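Taken from TrEMBL as is:
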type: BINDING; residues: HIS66, CYS80, CYS83, HIS84; note: heme c 1 binding site
type: BINDING; residues: HIS101, CYS120, CYS123, HIS124; note: heme c 2 binding site
type: SIGNAL; residues: 1-21; note: signal peptide
Amino acid sequence: MTPRVRRVAIIGVLCFGAALAADNLEGLRGPTPLNQEPKAPRMATVENFDVRRGRAYTSQPPTIPHAIDRYELTRNVNFCMYCHSRVRNEEFGAPMVSATHYMDRDANFLAEISPRRYFCTQCHVVQTDARPPVDNRFIDVYDLVEQEQQVADPPAPAAKEKKE
Ligand code: HEC
Ligand code: HEC
């Protein structure tokens, strides 16, 4: 092959590869080609059912079971703590923020919410009716451990009935 022919061949292979990749390209934006604008998906509705959801793993910040759009959360005002602080939660029937929220980074307990936990929505999100845009293949660690135990120690086969 002359260098020129080789160059053309390489470009050809690259283009073919790119075309293949583009065909399979289906990210969060869906199958719309990159040079077109897809229709914006419907915005998820915030649920306000007061039903606490379970947690997928031990250290998961629980989701917020109520709407928060009217609660001010700024540098000067933290309205969440109006209900969730230790001193007021009882009055509102709200769960108290856990002790970790009062700890500084040296694990000392403070009288007020720790600056590390001041902006609640950094970690806690409202509950919505959004559908996951991609498959969720998360496996709970509890199920993982159970699966491993079954592999290590399979259940005994059912005892055969004795012939008389
Ligand atoms: C008017 C009082 C009030 C305010 C203000 C408030 N909450 Fe709540 N929150 C509650 C109550 C009551 C519950 C218990 C469940 C329910 O009734 O919705 C709760 C539940 C929660 C939970 C669930 C805890 C769990 O263990 O599942 C989280 C997280 C939460 N709130 C976060 C927030 C955040 C973040 C803000 C501010 C943006 C906020 N809340 C503002 C009253 C309040
Ligand atoms: C840096 C992340 C982070 C921030 C910021 C944060 N939280 Fe949490 N929150 C967590 C995690 C993680 C948990 C669960 C483990 C724990 O209790 O520490 C939790 C637990 C909670 C719980 C449940 C407590 C219980 O015992 O069931 C409530 C209520 C809560 N947070 C409210 C708040 C509020 C209100 C704010 C803002 C003032 C806030 N959180 C800020 C991470 C955070």
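Each Cβ is built from the backbone N, Cα and C atoms, and glycine gets one as well.
Automatic, uncurated: that is what TrEMBL annotation is.
Apart from HIS66, CYS80, CYS83, HIS84, the residues listed for heme c 1, the same chain places the Cβ atoms of ILE64, ILE68, TYR71, PHE79, MET81, TYR82, PHE92, ALA94 within 8 Å of the centroid of those Cβ atoms. Applying an 8 A CB threshold to same-chain residues 6+ apart, the list for CYS123 (heme c 2 binding site) reads PRO61, ARG117. Summary of the heme c 2 site environment: with the site residues HIS101, CYS120, CYS123, HIS124 set aside, the chain residues having Cβ atoms within 8 Å of the Cβ mean position are PRO61, CYS80, VAL97, ARG117, PHE119, THR121, GLN122. Residue pair HIS101 (heme c 2 binding site) / HIS66 (heme c 1 binding site) shows a Cα separation of 20 Å. Proximity to ligand 1 at the level of Cβ atoms, with a cut-off under 6 angstroms, picks out CYS80 from the binding-site residues CYS80, HIS101, CYS123. The CA atom of HIS124 (heme c 2 binding site) is located 11 Å away from the CA atom of CYS80 (heme c 1 binding site). Here CYS80 (heme c 1 binding site) is positioned 8 angstrom away from CYS120 (heme c 2 binding site), judged by their C-alpha atoms.
Site extent for heme c 2: among the recorded binding residues HIS101, CYS120, CYS123, HIS124, the largest C-alpha separation is 13 Å.
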